[in-house]
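Written out below as structure tokens is the structure these notes cover.
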Amino acid sequence: MKNIKLISHPLIEHKLSFLRDKNTDPFQFRLLVDEITYLMLFEACSDFELKDTTIKTPICETKSKKLKTKVTICPILRAALGMLDGVFRLIPDASVGFLGFQRNEKTLQAEFYYSKLPKDVEKNIVIIIDPMFATGSTAISAVKHLKEQGVKDIKFISLIAAPQGIEKFSKIYPDVDVYLAAIDEKLNEKGYIVPGLGDAGDRIFNTL
Ligand code: URA
């Protein structure tokens, strides 16, 4: 699965241990999600194209580089809202499109309920964010929806994945790179990642 990029970095692994710990409180949990997202985004953007530009320093005019393409971030409601600040700190002028998928607890399939995308989103690089990549159903539906809107350049950033989810996704969308901080063992019968970190949305928004 060439599209699966496991970002291995001592700082990320260290922070993941605190993130997974059930005794980590919501305040710390939110900080860790933010920090890990920031570190992962740095890597996920490493192939972004640049264009030449000219700027004036206080001393003189000089040639410089800027990002060639605008970036749109698509958080999947609600847990990915906890990742958004980490993205804004690195790409402050990113536009944001919101996608809403709700998991049907019986079928474990993602059910679409909301989309609000920026104008001209199809011209941008779109980075979907969602902390947990479990069955792959939400990821597949989100990418399908964006492709239907004409988006061509899509990346996905998730903190923790289950093997079944990334395998299913990669068969359908081998062209979409998925950046992960960890690939865990399996899913349990309720569709939770094992060992995982529990329900990311509940831990971010203190709704356990
Ligand atoms: N969503 C979560 O928040 N946690 C999981 O383990 C799987 C899906």
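Placement of Cβ uses the backbone N, Cα and C atoms for every residue, glycine included.
If you look up TrEMBL, you'll see 7-207 marked as domain 'Phosphoribosyltransferase'. Annotation comment: TrEMBL describes Arg78, Arg103, Asp130, Pro131, Met132, Phe133, Ala134, Thr135, Gly136, Ser137, Thr138, Asp199 as 5-phospho-alpha-D-ribose 1-diphosphate binding site. Here TrEMBL flags Ile193, Gly198, Asp199, Ala200 as uracil binding site.
Annotated features taken from TrEMBL, shown on the structure.
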residue: Arg78; record: 5-phospho-alpha-D-ribose 1-diphosphate binding site; CB count, 10 Å: 16
residue: Asp130; record: 5-phospho-alpha-D-ribose 1-diphosphate binding site; CB count, 10 Å: 23
residue: Met132; record: 5-phospho-alpha-D-ribose 1-diphosphate binding site; CB count, 10 Å: 26
residue: Ala134; record: 5-phospho-alpha-D-ribose 1-diphosphate binding site; CB count, 10 Å: 26
residue: Gly136; record: 5-phospho-alpha-D-ribose 1-diphosphate binding site; CB count, 10 Å: 23
residue: Thr138; record: 5-phospho-alpha-D-ribose 1-diphosphate binding site; CB count, 10 Å: 25
residue: Ile193; record: uracil binding site; CB count, 10 Å: 25
residue: Gly198; record: uracil binding site; CB count, 10 Å: 15
residue: Asp199; record: uracil binding site; CB count, 10 Å: 15
residue: Ala200; record: uracil binding site; CB count, 10 Å: 25
Comparing the Cα of Gly136 (5-phospho-alpha-D-ribose 1-diphosphate binding site) with the Cα atoms of the binding-site residues Ile193, Gly198, Asp199, Ala200, the shortest distance belongs to Ile193
Students should find that the Cα atoms of Asp199 (uracil binding site) and Met132 (5-phospho-alpha-D-ribose 1-diphosphate binding site) sit apart, in Å rounded to an integer, by 9
Smallest Cα-Cα separation from Arg78 (5-phospho-alpha-D-ribose 1-diphosphate binding site) among the binding-site residues Ile193, Gly198, Ala200 is shown by Ala200
Among the binding-site residues Arg78, Ala134, Gly136, Ile193, the ones with a Cβ under 6 Å from any atom of ligand 1 are Ala134, Ile193
One of the binding-site residues Ile193, Gly198, Ala200 has its Cα closest to the Cα of Asp130 (5-phospho-alpha-D-ribose 1-diphosphate binding site), namely Ala200
Under a three-state DSSP reduction, the secondary structure at Ile193 (uracil binding site) is strand
The average per-residue pLDDT within the domain 'Phosphoribosyltransferase' (7-207) comes out at 97
